[in-house]
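In what follows, a single structure is set out as structure tokens and then discussed.
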Amino acid sequence: MIFGGVCPSVTSIIAESLEGWNLVQLSFAATTPVLADKKKYPNFFRTVPSDNAVNPAVVKFLNYYNWSRVGTLTQDVQRFSEVRNDLTNELEKADIQIADTESFSNDPCVNVKKLKDNDVRIIIGQFDENLASKVFCCAYNLNMFGSKYQWIIPGWYQGNWWEQANSTNCTTKKLLTAMEGYISVDFEPLSARQIKGISDRTPKEYEREYSRELQQKGVEASKFHGFAYDGIWVIAKTLTRVMELLRIKQRQNSYHNFTVDDREVGKMVLDVMNETNFYGVTGQVMFRNGERMGTIKFNQFQEGHEVKVGEYNAIADVLDLINNSVRFKGVEPPKDRTFVRLQRRHINVPLYSILSTITILGMLMAGAFLFFNIKNRNHRLIKMSSPYMNNLIILGGLLSYASIFLFGLDGGFVSDKEFETLCTVRTWILIVGYTTAFGAMFAKTWRVHAIFKNVKMKKKIIKDQKLLIIVGGMLLIDLCILICWQIVDPLKRTVEEYSLEADPQGRDIAIRPFLEHCENTHMTIWLGIVYAYKGLLMLFGCFLAWETRNVSIPALNDSKYIGMSVYNVGIMCIIGAAVSFLTRDQPNVQFCIVALVIIFCSTITLCLVFVPKFITMRTNPDAATQNRRLKFTQNQKKEDSKTSTSVTSVNQANTSRLDGLQTDNHRLRMRITELDKELEEVTMQLQDTPEKTPYIKQNHYPDANNILSIRNFTDGKDGEKSILKNHLEQKPQAQWGSMDPSRINRGPLEDINSPEQ
């Protein structure tokens, strides 16, 4: 057998050539992992564990603290690279993620920063003590120490290595600060168990005897002395066992000439070496494929020096940590990553409750208006304002209010699938509610416009059924858009994640906020279609409201209130849409804006439509029969003031009837506008009272008849003739006593064409 070999370059050459010589080599100090290749070095054994022997111990240590994500920082040297490669295999077997693998030659700061950028918390280093000082100096500058980080490095550095190997700009104090708490891993030079082994000595007794010999000879100690001592015992045990086997074979073949060649003896030595198993000063000596299954120790750097905190028995695959010996800067071991906790940005329950309460009040108000409208549906004031259309306005307002409850629900209240359904339902309700309310208002305004702005029509009767058809047509367009939207590109739940935020409670976790949205592939196109349609509907309503602004029959005309509603809704929708888009990532603000816009628009619209009617019903129930005059433009108002007829000759009893005929007189005067000048002259003569004008000159009769006959006044509709005839018949006959008696016997046409009428 060959005993020895320390330097890898020498040991590897010898070990590779031993097979041809039938020799077995036993090393006590060669730790290079290269020699573990049994195909290349089949006859090589060592009593010292390989550098790779620490890797199973490291994996066991990681599992103990449930660290499943690590990073490696390796000096670009073959020795460390080989350990790193073996560690990678061990980590993969243990299902531990390697977040980052960094290698460096001289300056490790760039690589250390990459580890930090990749959020590596548990760092396994493979470098010598000369570069270790640089690594920890970089760690100090990058604040990669303390409660959030754990460094694991080799444990074979010399004592106080940070003072001897410090070639950085960092002071010793800074290095000690960054080094505090690191874990070092190395093989155990002497067993910690005080058991008498094969030499009949405990490890402690052996160490005292070894120290005494060192003092006598004046030499320095070697960390491999225990492995050399146990190595001698391995050789002795092996040779003894081989000789025993040879003697047994010799006795068994005593009647024959017993011979054994070198190859057979070499195989016997190799087999006995693999069967080695005894307890030495370095612990239990046992080989597995030529590798020593030794004990790995764990030390922790605490307050300026290393303290043993545990050991790993490779034979039993057991990690034994000393109770409460491992110290961490935090209250618990560092985490192997920044744990990201997803946090939904949801609507605050108090805010939702407040807005829901306001919404419920609005719905109660709408319900009160509905009760008022149904109860008084036969009253002339309500009947003239189309109670069915009013009911539709209230229904639209209720739908708009109901959508607020749905807008306030998110993934915190419903499941993901229910949230997608919610997206569609609340969109449908809001769109249909808007069209129902404003469609009914615009239909009413269109009826007023059709009746009073088309003077050529002799008779205009538009029933509520036709208005319902108009509103139904608007809703049909809505349904077509919504159905196409749902079939072609339905709304789906999408999650938008935001950048990491620090935990407000100071814990070692990060908060990643996320927000749920209702979106689809072509969201912009569909919203554009809806906005365009609603915008056109609103513009049409504005046009009708402007055209009928001077019609002053309150029971019939809501144009002024519709104009105010459209103005408020338009402004609020523009502001609300803009603010809602800008506060997309703030659900509380967005929900508050949307809810307030819907509440404001619905409440204002309902109040503008129904509050005036309610006030009128309470203060002046007969208002529906009064104030039926038509108001035109300012020029028409001035013209009316010039051409207004004041028949003061009629007694007080007929004044109210004449006032009731004022509306019909307006329409008639529009037909004879080209004769205003001539009518003015006749009117001036009629302004004198009977007392001042006892008679009218006879020569005025033909003038008046000629003027009125030019416009075919008598060709008017039958209703107008009967109104004027009845008015003539109600005139007191006494005041016309001085007239020509022949006028009394004239026909109806002559009476109508008389100057008095």
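Heads up, the Cβ atoms here are built off N, Cα and C, so glycines get one too.
The transmembrane segment annotation in TrEMBL covers 351-372, 392-413, 425-446, 467-488, 523-546, 566-582, 588-611. What TrEMBL records for 351-633 is domain 'G-protein coupled receptors family 3 profile'. Sequence annotations record features per position, and here TrEMBL assigns compositional bias 'Polar residues' to 626-635, 643-657. Marked as region 'Disordered' by TrEMBL: 626-657, 728-757. TrEMBL lists 658-685 with the feature coiled coil.
Among the recorded stretches 351-372, 425-446, 467-488, 566-582, 588-611, the one sharing the largest number of Cβ pairs closer than 8 Å with the transmembrane segment (523-546) is 425-446. Beyond its flanks by at least six residues, the transmembrane segment (566-582) meets 438, 538, 541-542, 545, 589-590, 593-594, 596-597, 600-601, 604-605 of its own chain at Cβ-Cβ distances under 8 Å. Note on the domain 'G-protein coupled receptors family 3 profile' (351-633): its mean pLDDT in the predicted model is 79.
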